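Participant: The structure's right below; bear with me while I get my questions together.
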Amino acid sequence: MIDLKTKAFDIAQNFTISLDGPAASGKGTVGLILAKKFSLKYFQSSIVYRQLAFNCINQQIDITDIDAVIALSKELKLDNNIDLENEDIGDIASQIAVISDVRNNLNENLINLVKTTPRIIMEGRDIGTVVAPDADLKIFITASPYVRAIRRYNQLQAKGKTCILDEIIQQIILRDKRDKERKAGPLLPALGAFIIDTSKLSAIEIVEEVTNYIKNKIT
């Protein structure tokens, strides 16, 4: 059996990291840096739900029409030319993500991506528990709703997008509730995952914490 240290540093070996946590907890920043450090493909699983949400809006599909949403999820194709970083799209994505058949359909694509990509770090809500339960390293990142709302607000402001902090806070609280209470793939740490609360940590400190954890696991 190939040891974890070899998997991490030998780019000829398969190496998978699952990176889970609630919205705006710092997963994206950490994931991109770790991907570069260990020569991994980085994939944000929420993009498939945002793409589906965009398609529902574009095709004027009422998301309360469960059968129509499920049918659309079976033929999903990603369009990299679309800006999906929109709070309205994110809110709809959160609502349709609670539909079990939608998650099952989209997870088939994610599971296949993990299996066919030798070196990958996949970010999401249920990667370590459902999509990649056999990941070599499992990380769960969290932070208080207020801190996460501030981060999302600053991200959107930096992109020149109009947003209201109080609305973002309420959206995050509601998304957390949906994520934790859904029947399929609820948000929770995978067994054996490294759990880190980033509420009082900067992006650099978060990366240092995770990197130190990885170093301890592979030495």
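Positions of Cβ are set from backbone N, Cα and C atoms, glycine also.
Keep in mind it's a predicted model, so treat the numbers as computed, not measured.
Annotations for this protein, taken from Swiss-Prot, read as follows:
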- GLY21, PRO22, ALA23, ALA24, SER25, GLY26, LYS27, GLY28, THR29: ATP binding site (BINDING)
Participant: Once GLY21, PRO22, ALA23, ALA24, SER25, GLY26, LYS27, GLY28, THR29 are set aside, which residues in the chain still have Cβ within 8 Å of the Cβ centroid of the ATP site?
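Facilitator: So the additional residues around the site are VAL30, ILE141, ALA143, ARG148, ARG151, THR198.
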Participant: Among the binding-site residues listed here, GLY21, ALA23, SER25, THR29, whose Cβ has the fewest other Cβ atoms inside 10 Å?
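Facilitator: Selected from the binding-site residues GLY21, ALA23, SER25, THR29 on minimum Cβ neighbours within 10 Å: THR29.
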Participant: For LYS27 (ATP binding site), which residues of its chain lie six or more apart in sequence with Cβ-Cβ distance below 8 Å?
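Facilitator: When sequence neighbours closer than 6 are ignored, LYS27 (ATP binding site) has LEU19, ASP20, GLY21, GLU123, ILE141 within Cβ distance under 8 Å.
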